[in-house]
Amino acid sequence: MHRLRVLRHLKFCISTSHRTTVVLKNTRSFCNNIPSTSFASEAAAKYEKKSPTEHVLLRPDTYIGGVAMREDQIIWLRDSENRKMIAKEVTYPPGLLKIFDEILVNAADNKARDSSMNRLEVWLDRETARISVWNNGSGLPVEIHPTEGIYVPTLVFGNLFTSSNYDDSEIKTVGGRNGYGAKLCNIFSKEFIVETVDTRIKRRFRQKWYDNMKKCNEAEVVEILDETVKDYTKVEFVPDLERFQIDKLSDDVIDLIGRRVFEVAATLPRDVDVYLNGQKCDVDGFEDYVKMFNDSSSLLFLHPTPRWHVGVAKRNNFFGESHVVLPKIVSFVNNINTEKGGSHVDYVMDKIVNIIKPIVDSKLGDPTKSVKPAVIKNNLSIFINCLIENPSFESQTKETLTTKAKNFGSIFECDAKKTAEWAEQSGLIEDIVEEVLNMKKKKLPGKRVSVSSVRDIVKLEDAEWAGITGTAEKCTLILTEGDSAKALALAGLEVLGRETYGVFPLKGKLLNVSNLDDARASKNEEISNLLRILGLKFEDSNSITRESLRYGRLLILADQDEDGSHIKGLIVNFIHKFWPSLVHTDGFIQSFRTPLLKAKKGDKVRSFFSMNEYRKWADVEEGGKWKIKYYKGLGTSTSNEAREYFSDLDHHTVNFKYTGTTDDDAIRMAFDRDKSDERKEWIRRSENEITNEDDGKTEISYQEFVDGQLMQFGMVDLKRSIPSLIDGLKPSQRKILWTLLNNMDESTEIKVSQLAGAVAHRQSYHHGEESLVRTIIRMGQTFCGSSNLPLLQPIGQFGTRHEGGNDAASARYIFTALAPTTRLLFPQADDDLLQKNVEEGMVVEPTWLCPIVPLILINGTEGIGTGWSTKIANRNPIDIIDMIRRKIDSISTEYEIPPFYEEFRGKLEVVTPTKFISSGKIQLIRPERKNASTFSIEIVELPIGIWTSKYKEKLSKIVETLPVLEFSERHTEKRVHFRITLDRKKSSRFLQKSNSDLLNYFKLRTSLTENRVLFDRNGELKEFGNISEIAAEFFEVRRDLYEKRLKIQKEECEAKLIYVENQLNFIEMVTNGTIEIRSMGRNQLEEKLQEMGFRVDPMATIAKNSKKANYGYLLEMPVSRLTSDEMKRLEERKSRRRTELEAAESADWKSVWRSELDKLAEAVGNNRKS
């Protein structure tokens, strides 16, 4: 008992006190003696703690942009011989370039801190891979940090999250921000050396780290006696090439390092000389750098303030006599190459476009026509070098600026007159006008495929050029997931225009056509519409080309969740099944990706396209709270966000790429019904593999898509379709039940429609309230063939067996509540012991609930998921209760229990341990008189799962061939009763038939085969051979939970006893004068109580309520309680508490479990009587 109290006190200290370290040190030996529970090894395997350095090495893409080779990338490099920039294909590991860039930008940043800096040197040794960066100007202070107790350079270069840039109230125009920088280079290096001179105190500092910053030598600090030595800083490192999957520095890597050195030489002020391997970089400022891309005669250069240097050129241009297509964006912020642009590029580009647009519009000759901004932007190449105050970037790789324009710290004033003159003289205006006019002309000469063929497809927004010979290939059909996604796409067309983009919304999921022929597929309305919209024909399956279609490309706009991935897959499968050549054409099918969630803090906004990407970021994000908004459905995005997405189409579009027959095999495996065994193996494999979430790729093979996004859908689909062995529930059922258990008592009634809304809100459910309504109703149905132990009460019309429950009343008119047996199945004492899930930052339902009997065997289940299906029949609750009793008593349970359905009057026959025959009930009513002319047949029960209305359709066809004199139905709400009166002479053969023959003739027999597939306690899919195996696994989990419950109950009883004892002792000491309340302050009293062995509030401690874990329960007692009468009451309460503790100490899991089983069995019996 004493140890447990110490442990609770330790937990309190950890959460509230700065004395944590001391407490931990003093109690380490005690903690080591605490026995592990049965969950310890499982928890250790599942949860790991990594140091910051280990996390950087384990997840490098979060910090440095990835270590894998990026192949065949088009990069503009310097041609030193001809003094110009040229586009070249290179292959390189981006992370290696990033760690070099961190050191280079650090050196360049020193110019902003010390204007006297005038030299930066980079040395690169190809053979040893040793790189050094040296700069003059003020070095780092060579002093001991007063708080950390180590030298400042050691702190800055060898400890993550250290920076001089954290104070956002101080205006800075440097590249560093988050305290990673040079430390990342240190972590990814075999050797890392820092040397700096601080002439203020005449000290030189040198320190060496190695083995990925895991080890370092002592800092060498020497006094400088030479007065001529100036301040400098030098960083020298040898990158750990193995971590970048290379063994030496390739020509491409060396060229890219040289490019960055050259870029810094161009972006730094002109008074800073930059050298590479002793050779001065031959560039005279940013304007000179821009001229290396383009003839200076066709270049506009704007330099309104020292913080803004902007070059503008036509994208299609000439360098001398050579035609070149210039890069769309070349931009730098505080010497950082922002390769993907960002808010600074948008800011400058919009100002330039606003000047050029009116000029173009005036020359079009038609006041009703206007050039789209996107057309102008596509004709411009823009070069920017700017200084931004305290910049924010999309990620640590700093490729995209996210700072809002109002926070730039300066304004770019675009010279309108100079810009307009340049646009005219360079021929830009003429080029744009010609392009716009040609667009219009292209509508006329081509022959249009019949427009009337699609005019009746009401929801189609057809592209203006769709079906026109010569232009249709350029058209893209955006296929959206429903009407809300269509609205998003239409907002995007404001940016893209309607000439080449059409939109068509799909009604949910497309049909899986894998096992359909042309005729059957074309009968589907959705597929028929797509054939007409796209201009597809089944007979052209081998010869069809993009040029022959109405649209040359498909762009799928679906939700960013798993169901969205499934929709993409079904569309891919549709095209692949009938026109594989189109799938083999790269770029015919594209996917549009939107953020799954956004994080916002002040002006900063971060977008994430997958939970994996978000988690990596969240793991390392430091400081401040971010507001998270989830975009589970496309309808969540606003029209402004839609325009933002479509303005950056390249970033939001993913091309499907065909890489060979493995892609064909992957598509067939995912969708062909004959490939179920392969899908099972695929799913098994996925449980042990990390799937490829959207990692920012703009191109993906079909196999990557199947093994990544589709695999994730498969796992989610299985979890929706197949229940947990532990509670017998699927996720939606569990969310519904937990909402009621956690928020309402058994007597509370709630409208079904309101309950669905509450579940969606409280349990983070995103699949529509209609789906929840259907599940709630099923959970409350009591007719034969539904649940043996319904978890909810059906208050109102929840449907009957005649329609299989589909005749339930509207959710607005019916109510529900917990069924009387539900709390007996799920004891409230377990609620706080269950492991809760967290979704969207909110604590929701547990991973599984834990009933006192395996509910899956009582209520059964049925479900079909990806690759796997499950079917388990209902069984008698009393039989299952008896089986668990036998296991408690260690009596063998290696036997099968036959299926059982409440109120079923037919027969269930066992064929094999997993196969059963369900027979209805038929009665031959023989005539009482020998000469009677008629006799009757009555059908009074149907096989399990056969509903009355469906059977009536079948029966009607049977009796059509019989001499029926009368056919009547006498059903009640719960009973089936068909009566057929036949002519005796014409139907005498029936009088000779056995009951078995009659059952067969009237199709009153069905087979039921069990396929016992369930998720186990760890969430892994498992197939069980018999129900004893299911019961055995359930038993272990339930027993462990009882032991955990009893342990906690004992601790609570101890806490209650200590609470009363302490109050009693306190009152006694106050009344006898041992404690003088009046002469001491609160702090003195608390210290006194601690010295005397009083505990802080034991009830608050065990409840982990740190705010109340103090001495308030003693010191804040009213004076009226400090009496002998109160002491008597407390003595009585103490006696009761001691009795409760003794009962808790003597209780064992077997007796508690038996007691709860008895109560459940009694309730089941009472239900049957009623």
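Each Cβ is built from the backbone N, Cα and C atoms, and glycine gets one as well.
Feature list (source: Swiss-Prot):
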BINDING   Asn106, Asn135, 163-165, 176-183, 396-398  ATP binding site
BINDING   Glu481, Asp559  Mg(2+) 1 binding site
SITE      Lys509  site 'Interaction with DNA'
SITE      Asn512  site 'Interaction with DNA'
SITE      Arg679  site 'Interaction with DNA'
SITE      Lys680  site 'Interaction with DNA'
DOMAIN    722-1157  domain 'Topo IIA-type catalytic'
SITE      Lys730  site 'Interaction with DNA'
SITE      Tyr765  site 'Interaction with DNA'
SITE      Ser771  site 'Interaction with DNA'
SITE      Arg812  site 'Transition state stabilizer'
SITE      Ile864  site 'Important for DNA bending'
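Features recorded in Swiss-Prot, as mapped to the structure shown.
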residue : record                             : DSSP class
Gly181  : ATP binding site                   : helix
Thr397  : ATP binding site                   : coil
Lys509  : site 'Interaction with DNA'        : coil
Lys680  : site 'Interaction with DNA'        : helix
Tyr765  : site 'Interaction with DNA'        : coil
Ser771  : site 'Interaction with DNA'        : helix
Arg812  : site 'Transition state stabilizer' : coil
Ile864  : site 'Important for DNA bending'   : strand
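If you take the CA of Glu481 (Mg(2+) 1 binding site) and look 10 A around it, the recorded positions you hit from Asn106, Gly181, Lys509, Arg679, Lys730, Arg812 are Lys509. Residue pair Asn106 (ATP binding site) / Arg679 (site 'Interaction with DNA') shows a Cα separation of 52 Å. Closest by Cα distance to Ser771 (site 'Interaction with DNA'), from the binding-site residues Gly181, Lys183, Thr397, Asp559, is Asp559. Glu481 (Mg(2+) 1 binding site) falls within a strand when secondary structure is assigned with DSSP. Ranked by CA distance from Tyr765 (site 'Interaction with DNA'), the binding-site residues Gly181, Lys183, Thr397, Asp559 have Asp559 at the top as the closest.
Under the DSSP three-state reduction, Asn106 (ATP binding site) is assigned to helix. The Cβ of Ser771 has fewer other Cβ atoms within 10 Å than any other of the recorded positions Thr397, Asn512, Ser771. Cα to Cα, Asp559 (Mg(2+) 1 binding site) and Thr397 (ATP binding site) are separated by 27 Å.
Taking CA atoms as the reference points, Gly181 (ATP binding site) and Arg679 (site 'Interaction with DNA') are 45 Å apart. Highest local Cβ density among the recorded sites Arg679, Lys680, Arg812 belongs to Arg679, counted as other Cβ atoms within 10 Å over all protein chains shown. In this structure, Asp559 (Mg(2+) 1 binding site) belongs to neither helix nor strand by DSSP; it is coil.
Closest to Lys509 (site 'Interaction with DNA') by Cα-Cα distance, out of the recorded positions Lys183, Thr397, Arg679, Lys680, Arg812, is Arg679. Closest by Cα distance to Arg679 (site 'Interaction with DNA'), from the recorded positions Lys183, Asn512, Lys730, Ile864, is Ile864.
Put simply, Ile864 is the one of the recorded positions Lys183, Thr397, Ile864 whose Cα lies nearest to the Cα of Lys680 (site 'Interaction with DNA'). A distance of 53 Å separates the Cα atom of Thr397 (ATP binding site) from that of Arg812 (site 'Transition state stabilizer').
Ranking the recorded positions Lys183, Lys509, Lys730 by how many other Cβ atoms lie within 10 angstroms of each Cβ puts Lys509 at the bottom. If you take the Cα of Arg812 (site 'Transition state stabilizer') and the Cα of Lys730 (site 'Interaction with DNA'), they are about 24 angstrom apart, rounded to a whole number. Look at Lys730 (site 'Interaction with DNA'): DSSP puts it in coil. Put simply, Ile864 is the one of the recorded positions Lys183, Lys730, Ile864 whose Cα lies nearest to the Cα of Asn512 (site 'Interaction with DNA').
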